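Supplied in structure tokens, the structure appears directly below.
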């Protein structure tokens, strides 16, 4: 899988999402639950806004000194016996991982949940050279078995119910029991444990890398990442270049913000800090590789969108977004969905495929208020719109013509008066009572789902003139 998860046009993807009543119900329920849990966890911590400000300061400081901390990380990982590779592009990252697998003559690779490995199409790259890649996160495993893309940053299978999951397991894996979550989890655990023992390589993502120790931090709910890091003889960790913290002190702050913002817990079930195995340690990989991925991030770092790199992938913005609630994650056409996806995806994937995403927002600002590191997401969405219109010249032709006509009419009293007199007659074929019930062209996007007020037959100036004279209108 790559960052792009669908070849459908944006409007078609949105239409599919709106018509999927189960998905909308599941998203609504999950958003409400996660939002409530997040508020409770924040209240328990106390001084939540001060913690947000501290998180923002840590992320901003790290980005301002990213070159220094990356070099420090590289030196410390190397001192501990690990190998570090800086990949400028996603192709370079995938090629390096392929080369490691070839060198090890690996046939089976087990991995934990990682957005950046999806971004670089790692699974596909390994499958090209004959490796079997197994997802160990339960949600990702369900999607892998069903060949279905993720719809949420932290809950990838959110759009499926347990009956659908049972049917997938029955059809693809020969599962014969009920749709009880415990029974299905037990079944998957048995499937995965057998594969863990046979895997030559384990691949993980990285929530945060600690510069001054050369350590990596992984946060999971299932403990699968611990097995991925400890059982296979070779471990490959893949991280976006921005996922840095200077020391363990900053890590402590950001992990607390991440867990509370993502799932409303003080800590998730497993927070693991690890790296290359040391002499005194009894388990862990014999060989460790860290792949640091740029893939456009250095350009973002030097742009007006820099603050998006503060993201800690908690999905708090997704969990409060009213647009995501109604259209779901697949509508974004990217592994990165919700407000953060609408900002980040066009920067990584370009406007040609993702120019609609910055407009998939009501600009209500709920995402900005929810972000634990205070990324001004709704402002960044507006900046995207400005770039699309002014720098790229990508405003739709119909919109350009409409704005040009409005500009001409609004700047001429005579044209404005003539237009206001003609409007009622021009719209009468589409009017029922005092509402526009159907539209043509761009108006259909509005009138197909809501009523539009019909133009008044009486101009305001005429009404005001009569009212001022004491008329009874």
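Each Cβ is built from the backbone N, Cα and C atoms, and glycine gets one as well.
Remember, predicted model here, so these are calculated numbers, not experimental data.
As annotated in Swiss-Prot:
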- 311, 314, 317, 371: [4Fe-4S] cluster 1 binding site (BINDING)
- 321, 364, 367: [4Fe-4S] cluster 2 binding site (BINDING)
- 302-332: domain '4Fe-4S ferredoxin-type 1' (DOMAIN)
- 351-380: domain '4Fe-4S ferredoxin-type 2' (DOMAIN)
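For the listed features, I'd like the structural context: burial, neighbours, distances.
Under the DSSP three-state reduction, residue 314 ([4Fe-4S] cluster 1 binding site) is assigned to coil, being neither helix nor strand.
There are 13 other CB atoms within 10 A of the CB of residue 364 ([4Fe-4S] cluster 2 binding site), with all protein chains counted.
Per-residue confidence over the domain '4Fe-4S ferredoxin-type 1' (302-332) averages out at a pLDDT of 96.
Taken residue by residue, the domain '4Fe-4S ferredoxin-type 2' (351-380) breaks down under DSSP into 16 helix, 0 strand, 14 coil.
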Determine the minimum-neighbour residue: among 311, 321, 367, 371, listed as binding-site residues, which Cβ has the fewest other Cβ atoms within 10 angstroms?
311
Around the [4Fe-4S] cluster 2 site recorded as 321, 364, 367, what other same-chain residues have a C-beta within 8 angstroms of the site's C-beta center?
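Neighbours within 8 Å of the Cβ centroid, excluding 321, 364, 367: 317, 320, 322, 323, 324, 339, 361, 362, 365, 366, 368, 370, 377, 378.
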State the count of C-beta atoms found within 10 angstroms of the C-beta of residue 317 ([4Fe-4S] cluster 1 binding site), not counting that atom itself.
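The Cβ of residue 317 ([4Fe-4S] cluster 1 binding site) has 27 Cβ neighbours within 10 Å.
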I'd like the number of other C-beta atoms within 10 A of the C-beta of residue 314 ([4Fe-4S] cluster 1 binding site), please.
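If we count other Cβ atoms within 10 Å of residue 314 ([4Fe-4S] cluster 1 binding site), we arrive at 26.
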Tell me which of the binding-site residues 311, 314, 371 ends up closest to residue 321 ([4Fe-4S] cluster 2 binding site) in space, Cα to Cα.
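Considering only the listed binding-site residues, the nearest one is 371.
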